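S.K.: Quick one: the structure is below, and I'll ask about it shortly.
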């Protein structure tokens, strides 16, 4: 959906790099067609896949989705890790939650990885929310999002002014898998993209699919394109009203099906008019891949919500039995510190006394008493997070979130039958 243009690459190196990288030659850039006003004919098979994905999201929205709204930032955890320049073992959900607390409180002993993941989670969620509420989207909005994700150095911020490429040598584009459009074309393409995202020419899922693929094809920034491109998925789905409280973990599913994702994007980058049969078929391949990821993400989110509902019932029974043992007749007040903590526990499975007083606006004494009670009942577990510092953890919530994340990292949605395709936290033992 666009056109290729032959360009010449002149080797800029006299020394300092391997001889194989000191090459000149011809290469092709790909400039995608404009999205605004594009006519698109989707065949019945892919149309059914898009409809199935929308039904799955609507079914999710018909629930209370209270818990999904609370835990959605944790569904972005793997995305935040992938968005960091970090390799190796993924930090646990507990450590990421502690790193979130460390944004406001003094928590020691956490890795830089956990801190960076927590920061990226907060940035992506805040940026997606902000862009979703804009009446009109601008290129400046995209640049601001990229700058928040790439705070330094300054030369990596903003729309690129040089040619970039994906794959092949880091010194020349002659063997690259994809060479985005020349820098002089980027701004016009971005202006078209934000106009398209602000409209409603296509259904929400098709719009999100095309916007994401278009952005990744343009690759407009020196760095952070993957992070911004993933945030745009959430932005489109929220702007169009398909998702509200929860952020669907679409990109986690795409990351697990990495080769299908790459093949889908490659099919999007085919030469020709969007109206031609060949290009329409290629676009359908990508839209089908994306719609399938949305459906799986919605179904997995619904499973997580159901498991959290069961866990809430277990908490309720624990409280009832505890109060009966203590000879208390009346149920816990809905506005008590204990009830308030339980209501929000799926979103804050790791707490300190300071967290409770700050988030729930209760006294220190009330917070301490409630946390002590919940620990006594076995709903929370107390851990040390530094000298004379204690935190309270819901291991049950963390286990459910870990189980969900591990499922989405497996092609079969079960790491017992197929191994994880990306770093995931280990299940708790014992």
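Easy rule for this one: first residue shown is 1, then count along the chain.
From the backbone N, Cα and C atoms, a Cβ is placed for every residue, glycine too.
Keep in mind that TrEMBL annotations are predicted by a computer and have not been checked by a curator.
Note that the coordinates shown come from a computational prediction; the quantities given were computed from them, not determined experimentally.
Annotations for this protein, taken from TrEMBL, read as follows:
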- 219: active site (ACT_SITE)
- 223, 224, 225, 226, 227, 228, 229, 230: ATP binding site (BINDING)
- 137-289: domain 'Fido' (DOMAIN)
- 411-430: region 'Disordered' (REGION)
S.K.: Sorry to bug you, but what's the C-alpha spacing from residue 219 (active site) to residue 230 (ATP binding site), rounded to the closest Å?
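M.R.: On Cα coordinates alone, these residues lie 12 Å apart.
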S.K.: Select one residue from 226, 229: among these binding-site residues, choose the one with the most other Cβ atoms within 10 Å of its Cβ.
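M.R.: Going through 226, 229 one by one, the largest Cβ count within 10 Å is at 229.
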S.K.: How many other Cβ atoms are found within 10 Å of the Cβ atom of residue 230 (ATP binding site), counting all protein chains shown?
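M.R.: If we count other Cβ atoms within 10 Å of residue 230 (ATP binding site), we arrive at 25.
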S.K.: Between the recorded positions 219, 227, whose Cβ has more other Cβ atoms within 10 Å than any of the rest?
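M.R.: Ranked by Cβ atoms within 10 Å, first place goes to 227.
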S.K.: Per DSSP, to which secondary structure element type does residue 224 (ATP binding site) belong, with helix, strand and coil as the options?
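M.R.: Coil, per DSSP.
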S.K.: Under DSSP, is residue 230 (ATP binding site) helix, strand or coil?
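M.R.: DSSP assigns residue 230 (ATP binding site) to helix.
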S.K.: Mind looking up the mean pLDDT for the domain 'Fido' (137-289) in the predicted model?
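M.R.: Mean pLDDT for the domain 'Fido' (137-289): 92.
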S.K.: For the C-alpha pair, I'd like the distance in angstrom between residue 219 (active site) and residue 225 (ATP binding site), rounded off.
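M.R.: Their Cα atoms are separated by 6 Å.
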S.K.: Measure the Cβ-based neighbour count of residue 225 (ATP binding site), defined as the other Cβ atoms within 10 Å of its Cβ.
M.R.: 20
